[in-house]
Each structure stands twice: as C-alpha cells, then as structure tokens.
Amino acid sequence: MGKPLIALGLEGSANKLGVGIILHDTNGSAKILANVRHTYITPPGQGFLPSDTAKHHRAWIIPLIKQAFAEAKISFKDIDCICFTKGPGIGAPLNSVALCARMLSLIHKKPLVAVNHCIGHIEMGREITGAQNPVVLYVSGGNTQVIAYSEKKYRIFGETLDIAIGNCLDRFARIIGLSNAPSPGYNIMQEAKKGKRFIELPYTVKGMDCSFSGLLSGVEAAATELLDPKNPSSVTKQDLCYSLQETGFAMLVEITERAMAHIRADSVLIVGGVGCNERLQQMMAEMSSDRGADVFSTDERFCIDNGIMIAQAGLLAYKTGDRCAVAESTITQRYRTDDVYISWRD
C-alpha cells in the first residue's frame, strides 16, 4: 500500500512567488496542505524588470516557505521531495527560486523534481476540476497555447505566433494607466464591464494559431486617437477595454473550438492567469454548450501562478521515478510544453 507522499512546490517564473505543499494519499487522492503567494507589484504604467522581480523573490521566499509549513503543520522531515519551476519564464526570477530549491535539497537531503510551468497548470486544473482528457486552453502573461494529451505528451495544437494574450492585456493596461494591483488583466476586466460601444480591432487567426501584436497595435492606436481630449469622440477607455477583450477572447474561442473538432474532444479546460477572466469563461461556456461539451476552469487560487501546481505536477512525476540531480537543476526560459515526457498518464 505504501505511505502518503508530501511534496513542496516552489514557483517563481514571473512576478508571482508561490509556495505550496500537497499530500497524495495511498489511494491517489490529493490534499492541499498549504498554498501561499506573494506578488511583486509595480506602479501604474510600469512593467516588472527581471532583476527587481528576482530581488523580490529572494526577499520573500524564506518567509513564504515558513508560512506554508506553519499552515501545513508539518516540518521538512515530513517532505518526500522538493519541486521547482524549471521553465518557461523569466530568467532571473526562475534562477532565484531554483537556487533556493537546490539549497533546501542539500540541507535537508531531499530529492529535487524539475517541473514545467505549463504542465503544473494543467495537472492542477485536472485535479481540481476532475477534467479527464480535455482540450486545454493555456492563457497567461507569457503563454497562449491550445493543448491536448496524446501518447505520453501534451501536444500543442495551436499557439500565439508573437505575444501572449496576457501580455497584450497587461501592456494595454499600462498604456491607459490602470493599476497593477491586484493585476492589470483583472482591472481590464472590470473596466470592460462598463464598456458600451464595440470598436472594431484587428482579428488574426491562422488555423489553430493566433496573433495578438496587431490587436495591441490597433487598440493602442485607437486609444491615442479616440481618447485625445481634442477629439470629439465619445469613446471611453471602458469601451476600448471591452472591445479588446471581445476581440482577443473570440480568437481564443475560435482556435479552441477548432482543436476540439479536430480531436473530437467533449470538454475544455482553461488554465493560466487569464483563465480567471469571467468574460473568457462565459464565451467559452457558450461555445461549449453549442457543441454539447463541458467547460472547466478554476478560481484565482489555482489559475494565477502558484506553488501548489508545481507540487502537484512534481509529485506525479516523483511517483514514477522522476528525479533531478542538483548538478542538473538548471532553468530553461523557453521550456516547451511538448518537450516533457508525461510518465504518469496512460
């Protein structure tokens, strides 16, 4: 029968630093013991620099680990493995977290497991929602991919050809001076709810791939022209946020539906930070309803980057014998989803 296994997960691929502790019982069920997070937030109009983000992670990771262990009511002797994000992500923050994982592994003599960030999102989403074999729409600040599992890999059926949808939303939020707290995308969503006019913007879909740079350029040009005080236009920034969301999300729904039709899938799972967006969830639900399919998503505890998803995916890999030697515990900024061998699925 074995014994329950416990993993510590460390995530820091962008401006969110997360620490999670998960327990897998002997029957395979998962229990979240702790899931804590701290976000590096910059002033309105500014993004986050890699060096500053890494400094934030170095300052907060030990306090967060202590908080996680206090919530879980366990100690390092109870941990079976330490899981960390190998990539994809921003180099300096990734390195800061990987360095901490190495240090903890050596001090406490616990094995390391390197985890792909996207696989973490998928496996946590599957665990929380119960989705068995969905088409996955992975949407975040750095990634936009349509994914499905086949023959021991999560295959990418479509993706952005340039910038991610989250990056598009974040950059427009900076252009119009929205706050970065709690996140630019959240504030875009709130402004979009007040929008009343739809402004036509560039729409670029190529098969199951899409492009958001033209959309960003288009909405930026519209903002410069229509929001000019000298322009008599009655268009508001709320209208532009609404139009940006409707256009970008329609592109995402189209490529997701095309992938579902291609592989005859009966469900879709939305993961990643942008997956929290209520309008995206609504549009995906309408499409899925028309197809007689199910749509799954999670709340902000699991959509937004977190440590528990790294612990979940890492522990699944650990149980099939996956280990990462300290000497090989490097990071890979462009770590492709389909580069990972999925040993724990049939």
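The backbone N, Cα and C atoms fix where each Cβ goes, and this holds for glycine too.
Not measured: the values here are computed from a predicted model.
Among the features that Swiss-Prot reports, divalent metal cation binding site is placed at His117, His121, Tyr138, Asp305, with the record citing sequence analysis. As annotated by Swiss-Prot, substrate binding site applies to Tyr138, Val139, Ser140, Gly141, Gly142, Asp170, Gly185, Asn277, with the evidence given as sequence analysis.
DSSP assigns His117 (divalent metal cation binding site) to a helix. Here the Cα atom of Gly141 (substrate binding site) is found 13 Å from that of His121 (divalent metal cation binding site). Here the CA atom of Tyr138 (divalent metal cation binding site) lies 16 Å from the CA atom of Asp170 (substrate binding site). Counting other Cβ atoms within 10 Å of each Cβ, the binding-site residues Gly142, Gly185 show the lowest value at Gly142. Cβ proximity to the divalent metal cation site centre (mean Cβ of His117, His121, Tyr138, Asp305, cutoff 8 Å) flags the following additional same-chain residues: Ser13, Cys118, Gly120, Ile122, Ser140, Asn143, Val271, Gly272, Gly273, Met309. On a Cα basis, Val139 (substrate binding site) lies 10 Å away from His121 (divalent metal cation binding site). Counting every protein chain shown, the Cβ of Asn277 (substrate binding site) has 26 other Cβ atoms within 10 Å.
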